[in-house]
Amino acid sequence: MKETIVAQATPIGRGGIGILRVSGPLATKVALEILGKCPKPRIADYLPFKDSDGTILDQGIALFFKAPNSFTGEDILELQGHGGQIVLDLLLKRILQVKGLRLAKPGEFSEQAFLNDKLDLTQAEAIADLIDATSEQAARSALKSLQGEFSKKINLLVDDIIYLRTYVEASIDFPDEEIDFLADGKIETKLRNIINQLNDIKKEAKQGSILKEGMKVVIAGRPNAGKSSLLNVLAGREAAIVTDIAGTTRDILREHIHIDGMPLHIIDTAGLRDATDEVERIGITRAWNEIEQADRILLMLDTTDTSQDLEQVRSEFLTKLPKGIPVTIIRNKVDLSGETEAKFEDNNMTIINLSTKTGQGINLLRGHLKTSMGYQSSSEGGFLARRRHLEALEKADKHLQSGLIQLMEYKAGELLAEELRLVQNHLSEITGKFTSDDLLGNIFSSFCIGK
């Protein structure tokens with residue numbers, strides 16, 4: 001027999017309303033003992049909540065949801081009373097006196113919903129993400145994941161992979177057919193289409209992950225370009241020591257900030273030049289390590305330094321930067337060069353003129369960073385994604401690329417079929433159709449109790 005669980009569904013502490021949630025086959029028994037009757041499904045009933053001796057502990061709204069038409073897919077009883085913690089604790093203690101009940105673990109209600117096919121794994125995760133959202137955009141994106149937008153994209157891609165697997169395995173099972181399925185071009189076309197679909201999902205998932213996890217922004221450039229000053233301006237405090245001495249910053253400085261609720265991890269690095277001593281050399285090495293892991297690079301230039309010509313910087317720095325990481329050129333000290341704040345595009349790269357001293361152009365940079373993170377003023381936006389989703393998509397992509405090699409270079413149908421099977425498994429991990437108990441434990445243990 002399945003266990004019946006109970007937990008407080010509202011935050012611990014004082015509030016206007018407090019809710020206790022019971023889920024499982026004994027929910028009806030709890031209703032009979034606490035309320036004296038079981039309310040009709042989905043009809044709110046105002047009733048006294050009684051102790052074992054008949055004493056009234058509280059009174060409020062009782063709601064009953066009959067399986068399978070409930071959040072968890074099981075019988076659910078919700079008691080909505082006054083939000084005093086003492087009252088809720090007394091009522092919870094009384095409910096736990098019913099034989100067979102136990103306290104729910106964190107996320108166990110959502111886990112039951114997943115196990116009973118009421119939600120897939122991305123939708124279950126979206127519940128926690130919606131609760132934890134730190135911006136309007138993140139909340140909207142989490143809601144889209146909860147509504148199944150991310151899952152739908154993954155499921156459609158898995159369907160295409162299953163179809164292609166069937167096609168490939170048919171060519172293996174019927175080798176005597178006159179048509180060479182592996183050489184007729186159809187499999188290659190279908191495989192490349194799947195790769196393109198996956199790349200589109202990866203881009204959207206990357207953006208969704210930034211909304212949740214935050215964007216890692218690395219400030220890089222030559223010494224004395226104003227990198228530490230920019231960190232201080234964005235952080236709103238003196239996080240870094242600023243002097244006129246070139247090379248003051250020698251180690252990595254990190255600040256976690258929010259711009260209109262959008263999380264950013266700002267990292268100040270040592271100035272990039274030929275090191276003058278061992279300490280500076282280590283700092284520069286660490287700077288490049290951070291640059292290689294960045295979601296976006298802010299490359300600082302000093303507009304008063306004639307040696308920092310834009311085209312020279314392109315050849316000197318940009319050729320060394322990792323490909324695929326977006327770069328924004330920051331032209332600092334426009335208050336000294338006589339220029340005005342501005343934001344413009346040049347060779348597919350955003351360039352912002354600003355002054356960390358006067359604040360000119362700082363709002364342009366803030367707006368640019370928000371847009372880079374996926375901020376949209378309208379209600380439109382993509383789904384929210386987690387780091388594990390990105391990892392699964394990357395693994396799937398590697399197996400697709402390997403499968404393409406097996407097809408194009410070796411015409412190895414069996415190996416292509418195996419690569420497609422692995423792709424299907426990695427994608428199915430995202431929605432939970434193919435997963436491990438350890439993964440489920442890690443995911444749901446991070447949820448609130450009562451969810």
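Yeah, the Cβs are placed from backbone N, Cα and C, and that goes for glycine too.
Per TrEMBL, (6S)-5-formyl-5,6,7,8-tetrahydrofolate binding site is recorded for R21, E78, K118, K451. Counting every protein chain shown, 21 other Cβ atoms lie within 10 Å of the Cβ of K451 ((6S)-5-formyl-5,6,7,8-tetrahydrofolate binding site).
Look at TrEMBL and you will find 214-374 tagged as domain 'TrmE-type G'.
Cβ-based neighbour count (10 Å, all protein chains) for N224 (K(+) binding site) stands at 21. TrEMBL lists N224, T243, I245, T248 with the feature K(+) binding site.
Of all the Cβ atoms in the protein chains shown, 27 others lie within 10 Å of the Cβ of A270 (GTP binding site). Annotation comment: TrEMBL describes 224-229, 243-249, 268-271 as GTP binding site.
Sequence annotations record features per position, and here TrEMBL assigns Mg(2+) binding site to S228, T249.
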Span of the (6S)-5-formyl-5,6,7,8-tetrahydrofolate site, taken as the largest CA to CA distance across R21, E78, K118, K451 (Å, rounded to a whole number): 18
Binding-site residues compared (R21, K118) - highest count of Cβ atoms within 10 Å: R21
Binding-site residues listed as E78, K227, S228, least Cβ neighbours within 10 Å: E78
Distance check against A270 (GTP binding site) for the binding-site residues R21, E78, K118, S228, keeping those with Cα within 10 Å: S228
Secondary structure of E78 ((6S)-5-formyl-5,6,7,8-tetrahydrofolate binding site) (DSSP, helix/strand/coil): strand
